[in-house]
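Peer 1: Residues or ranges marked as transmembrane segment by TrEMBL: 38-64, 85-109, 129-154, 166-187, 207-235, 247-269, 299-328, 340-360, 366-387, 408-436, 442-459.
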Amino acid sequence: MTRATWRTRIGFILAAVGSAVGLGNVWRFPWLTAENGGAAFLVLYLALIVAVGVPGLIGELVIGRRSGRNPVGAFRELGGDRFRFLGAIALLAAAVVLSFYSVVGGWILRYTLSSATGAYFAAPGEYFAAIDYGLGAVAFHAAFLFATVAVVHLGVDRGIEASTTLMVPGIVVLLGGLAVWVATLPGAAEGYAFYLSLDVGYLRENFLDVLVAAAGQALFTLSVGAGAMLTYASYLGEDRSLAADGTLIAVLNTAIGVLAGLVVFPLLFSLGVSPGQGGPGALFVSLAGAFGDLPYGRIVGVVFFGVVLLAALSSAISILEVLVSYLIDEHGRSRLQATLGAGGLLLVTGSVAAASPAVFGLLADTIANLVLTAGLIGFLLFDGWVLGRLAREEFERGAGRLARLVSLPWYVAIAVALPVFLAFTFVTGVGSVLGIPISSPIAVAVAVVGVAAVAAVFARCSPSE
Ligand code: PHE
């Protein structure tokens, strides 16, 4: 059976941007920004996207295109059976992320519908508290998942590519329109100020926490570490610069993310609510509350949550495709069987998250960061120490002069610097989950030794040895 490919270059880019732009930009980012000191978080997050996210994303694309396989098949193909576990980490990360993602997708779906009737206008806080977890949340999670399954089962070009080439431009246009309209609201200026002004003191005091949260979010927003970009790159037929594509994807994602911030923060402040109060529900309580008080609030609400729904769907599609491509490639399933199988699994795991705030919180905040970080560390060490020269060759394939110039610095970054940095945030993150604060020198030492040990083992197991 010949493997699917993207129809056009722009189709791949839009699908990848669709994967990147999602709840990460509109829901998780404002929530974390508010929790981590506003612009202090924004600055670190932008820096980490450039320094870690983009090279990491390219590292993932390299593996996907080189192998032309799903994550598990990719590592088997390129490194032999003993590296299949790296693909298994990706599958796990994908399952973890989609389990809570589709719960939030369900909330968004519900809010899109109830904006039309103004159901939550009178008492937004009570409304959200009544629907956030439990039977209703399970039902809407199932509905969101069903939509995801419906797109993915149509295939790479007829389903994913066709839908994302419509959705992504739609998201940009609608979000841009909202940003312009929001600028006319009284109080908007305070929102911009919170979003754009840097509190150096806060950053200095809380540097480590902000750093770990920002690193996790930089991976999350670029869809890196769960094999989604790897899988999308495996459908690339022609040779063109992965460095250029990866950079373009990140630039578009960041631009759309900043645009989303220009909508969300002024809206919050125009109502005089501090975004710090809301936690994961901020979007649904504070922001939704704003719609109730606005002229044409119902229309604005439907448009806003509709945009977010599109963004969430185009990301969920890419996560589901990780599991689906695995079942098709490795277990010889038809696309329909694979989609239903993966959908069935997520129906169960997502329902647990939809029923339990504790499970949801754990998955959405810390566990998601940890699995994505673990996944990316594995991918990059594989690039650096198993593929080695071949990774650079793949990086340079189809690339222009500039990309060939940066190929060596890129290689050093992904083989050494990024794994050590990511391992450091991983160790610190595990420490805070377990409630044992790990001092930075110790975390650095563990990261360096751990990465060196894994790199040495990987290099010895490389088939090119
Ligand atoms: N990048 C997506 C978002 O910002 C989430 C995502 C994470 C998608 C990991 C795929 C893989 O919403």
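For all residues, glycine too, the Cβ spot is worked out from N, Cα and C.
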Peer 1: Can you tell me which parts of the same chain pack against the transmembrane segment (38-64), counting only residues 6+ beyond its ends and a CB-CB cutoff under 8 A?
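Peer 2: Answer is 29, 32, 74-75, 78, 194-200, 202-203, 206, 210-211, 213-215, 217-219, 221-222, 224-225, 227, 229-234, 236, 242-243, 245-247, 249-250, 254, 261, 376, 379-380, 382-383, 387, 391, 394-395, 410, 413-414, 418, 421-422.
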Peer 1: Cβ under 8 Å to the transmembrane segment (129-154), counting only same-chain residues 6 or more beyond its ends: which ones?
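Peer 2: Residues 102-103, 105-110, 160, 162-163, 281, 284, 312-313, 316-317, 320-321, 324, 335-336, 339-340, 343, 346-347, 350-351, 353-357, 360 contact the transmembrane segment (129-154) from elsewhere in the chain.
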Peer 1: Report the listed stretch (85-109, 166-187, 299-328) having the maximum count of Cβ pairs within less than 8 Å of the transmembrane segment (340-360).
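Peer 2: When the Cβ pairs under 8 Å are tallied, 85-109 comes out ahead.
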Peer 1: Any residues 6+ beyond the ends of the transmembrane segment (166-187) with a Cβ under 8 Å from its own?
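Peer 2: 14, 17-18, 21, 256, 259-260, 262-263, 266-267, 269-272, 294, 300, 303-304, 306-307, 310-311, 313-314.
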Peer 1: Same chain, outside the transmembrane segment (299-328) by at least 6, Cβ under 8 Å from its Cβ: which residues?
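Peer 2: Sequence-remote neighbours of the transmembrane segment (299-328) are 15-16, 18-27, 70-73, 87, 90-91, 94-95, 97-98, 101-102, 104-105, 108-109, 111-112, 115-116, 118, 144-145, 147-149, 151-152, 156, 159-160, 163-164, 167-168, 170-171, 174-175, 177-178, 181, 223, 226-232, 234, 263, 283, 287-288, 291, 334-335, 337-339, 341-343, 345-346.
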